[in-house]
Amino acid sequence: MNAKPFAFSSTNRIQSETMSPFSSEKPQFRPSQSRLIEKQIATSFFGRRKGKPLSPAQQRLIDELLPKISLNPTRPIDSIKAQFAHEPGEVWMEIGFGGGEHLIRQATNNPTVGLIGCEPFINGAVKALAAIDEKQIGNIRLYDEDAAHILDWLPDASLDRIFLLYPDPWHKKRHWKRRFVSSQNLDRIARVLKPGGIFRFASDIEDYVEWTLEHVDGCAALSEECNTPEDRLIAWPDWERTRYEAKAFREGRRPQYLTFRRK
């Protein structure tokens, strides 16, 4: 799927603009990198891609809207900002946005920011697409495969903020290697964050919080912003509770909110 700048009109919600050409300067991208990403796309995803059958309206969003706002990590890139119809001041990325509640809120509350959302589960992605279509949101780009492909594709120091909110904890020990937080992925995150950039992580699973703290402790490029364990229980100032988080509270689990800064 090709990445195309996208905008809405009052007469047609699903409408694309002419794609901005890539810079004529030599891109920070190697052909071998493209082939590697293509191989990763074919092999790296764990979990379901699709749950309940899609309705005709949902399938239309997948067929018509998604290709117009999708990023293509097999194509060279100079600047992620050029992937948006109107160049954003900052670019943020959410890894595994679920049904898109947080992604949509951030996009509508921060119209000058470009949002990248990665979600391989189609039934979740289609919920975000419906909101993008209904609210005519133009500052979101999506990717429906493994977020690691986008992290490998982005130029160095190209993101201002990254969110990883309530990722799948993969409870069984033999599946822990599937957790998104790993030394390799933290190195990816550190590479694409600008100096001073923020990585936010939230989970209601205590051992995943501990797992994340241990792995970040081994990443020299990231430092934790929370001073005490109690600080981790305080939600971010701009945080709005999601349905998943409300369920966690009902079931007696206390979420923790971790903030890490790129050195």
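Backbone N, Cα and C atoms are what each Cβ position is placed from, and that goes for glycine too.
Residue environment of Glu94 (S-adenosyl-L-methionine binding site) contains 25 other Cβ atoms, counted within 10 Å of its Cβ in all protein chains. DSSP assigns Glu94 (S-adenosyl-L-methionine binding site) to a strand segment in the three-state reduction. Taken from TrEMBL, the feature S-adenosyl-L-methionine binding site applies to Glu94, Glu119, Asp146, Asp168.
When secondary structure is read from DSSP and collapsed to three states, Glu245 (substrate binding site) falls in the helix class. In sequence order, Tyr166, Ala202, Asp204, Pro255 constitute the residues six or more apart from Glu245 (substrate binding site) in its chain with CB-CB distances below 8 Å. The substrate binding site feature in TrEMBL is assigned to Lys172, Asp204, Thr242, Arg243, Tyr244, Glu245.
Sequence annotations record features per position, and here TrEMBL assigns compositional bias 'Polar residues' to 8-32.
Positions annotated as region 'Disordered' by TrEMBL: 1-32.
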For Thr242 (substrate binding site): intrachain residues, at least 6 apart, with Cβ closer than 8 Å: Gly98, Glu101, His102, Leu165, Tyr166
Binding-site residues (Glu119, Asp168, Lys172), the one with most neighbouring Cβ atoms at 10 Å: Glu119
Neighbours of Glu94, Glu119, Asp146, Asp168 excl. site residues, C-beta within 8 Å of centre, S-adenosyl-L-methionine: Ile95, Gly96, Phe97, Gly98, Cys118, Pro120, Phe121, Ala147, Pro167, Phe180
Residue among binding-site residues Asp146, Asp204 with least C-beta crowding, 10 angstrom cut-off: Asp204
Largest separation between Cα atoms (Å) of residues that the record links to substrate, namely Lys172, Asp204, Thr242, Arg243, Tyr244, Glu245: 25
Assigned conformation of Asp168 (S-adenosyl-L-methionine binding site) - DSSP reduced to three states: coil
